[in-house]
Amino acid sequence: MSGKLTIITGPMYSGKTTELLSFVEIYKLGKKKVAVFKPKIDSRYHSTMIVSHSGNGVEAHVIERPEEIRKYIEEDTRGVFIDEVQFFSPGLFEVVKDLLDRGIDVFCAGLDLTHKQNPFETTALLLSLADTVIKKKAVCHRCGEYNATLTLKVAGGEEEIDVGGQEKYIAVCRDCYNTLKKRV
């Protein structure tokens, strides 16, 4: 039986990593072997753990290239969990397809759009393959409504790949994004 791909996406501060960690916990409670991964570029909260903004975390294999995932997969691995997929190369698509064909469920969390509202290529590729998509929202940093679907960069230049947290990014709704972008 083929594995299933679940994508958890949305803006920053929407609970993507928290949701990913809840799926890890479900698999562990079911005594299923898991493999958890994060990109080396993301060391915001911990160098070897996936950690949510709320502080919950789990140990992870830290990798630079998607192909490295294969060396950590064992015969009895049932679930693969990958955080911050937007930071990986598009080669992740082929790795995930291979895992699914081997009957392994894959859960990926990551941003769908850059702060300029451009799609992250790797996330977009994975979305095209997904069996289930969980699109998260956040509370808008400006108006306070639970309708934020975008991430706005408020410090640190215009680079689209720029790892950071609350010192650089806020979650905003589309109306507030447009209002705030006019000021920048």
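Just so you know, the numbers here start at 1 and follow the chain as drawn.
Glycine is no exception: its Cβ is also placed from the backbone N, Cα and C atoms.
Owing to the predicted nature of the structure, the values given are computational and were not obtained by experimental measurement.
Quick look at what Swiss-Prot lists:
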ACT_SITE  E84  active site, proton acceptor
BINDING   G10, P11, M12, Y13, S14, G15, K16, T17, D83, E84, V85, Q86  ATP binding site
BINDING   C140, C143, C173, C176  Zn(2+) binding site
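Where Swiss-Prot records a feature, it is marked here on the structure.
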{"residue": "G10", "record": "ATP binding site", "CB count, 10 Å": "24"}
{"residue": "M12", "record": "ATP binding site", "CB count, 10 Å": "23"}
{"residue": "S14", "record": "ATP binding site", "CB count, 10 Å": "25"}
{"residue": "K16", "record": "ATP binding site", "CB count, 10 Å": "28"}
{"residue": "D83", "record": "ATP binding site", "CB count, 10 Å": "26"}
{"residue": "E84", "record": "active site, proton acceptor", "CB count, 10 Å": "22"}
{"residue": "V85", "record": "ATP binding site", "CB count, 10 Å": "28"}
{"residue": "C140", "record": "Zn(2+) binding site", "CB count, 10 Å": "23"}
{"residue": "C143", "record": "Zn(2+) binding site", "CB count, 10 Å": "13"}
{"residue": "C173", "record": "Zn(2+) binding site", "CB count, 10 Å": "23"}
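The shortest Cα-Cα distance between S14 (ATP binding site) and any of the recorded positions E84, C140, C143, C173 is the one to C140.
Taking only the Cα positions, the spacing between V85 (ATP binding site) and C173 (Zn(2+) binding site) is 23 angstrom.
Residues C140, C143, C173, C176 make up the record's Zn(2+) site, and a Cβ search at 8 Å around their centroid adds H141, R142, G144, E145, N147, A148, V172, R174, D175, Y177 from the same chain. Spatially, by CA atoms, the recorded positions G10, K16, E84 include one closest to C173 (Zn(2+) binding site), and that is G10. C176 (Zn(2+) binding site) counts 21 other C-beta atoms within 10 Å of its own C-beta, drawing on all protein chains shown.
In this structure the C-alpha atoms belonging to C143 (Zn(2+) binding site) and M12 (ATP binding site) are separated by 16 Å. Spanning the listed ATP site, residues G10, P11, M12, Y13, S14, G15, K16, T17, D83, E84, V85, Q86 have a farthest Cα to Cα distance of 16 Å.
For C140 (Zn(2+) binding site), the nearest neighbour among the recorded positions G10, M12, K16, D83, E84, judged by Cα separation, is M12. A separation of roughly 27 Å, to the nearest angstrom, links the Cα atoms of D83 (ATP binding site) and C176 (Zn(2+) binding site).
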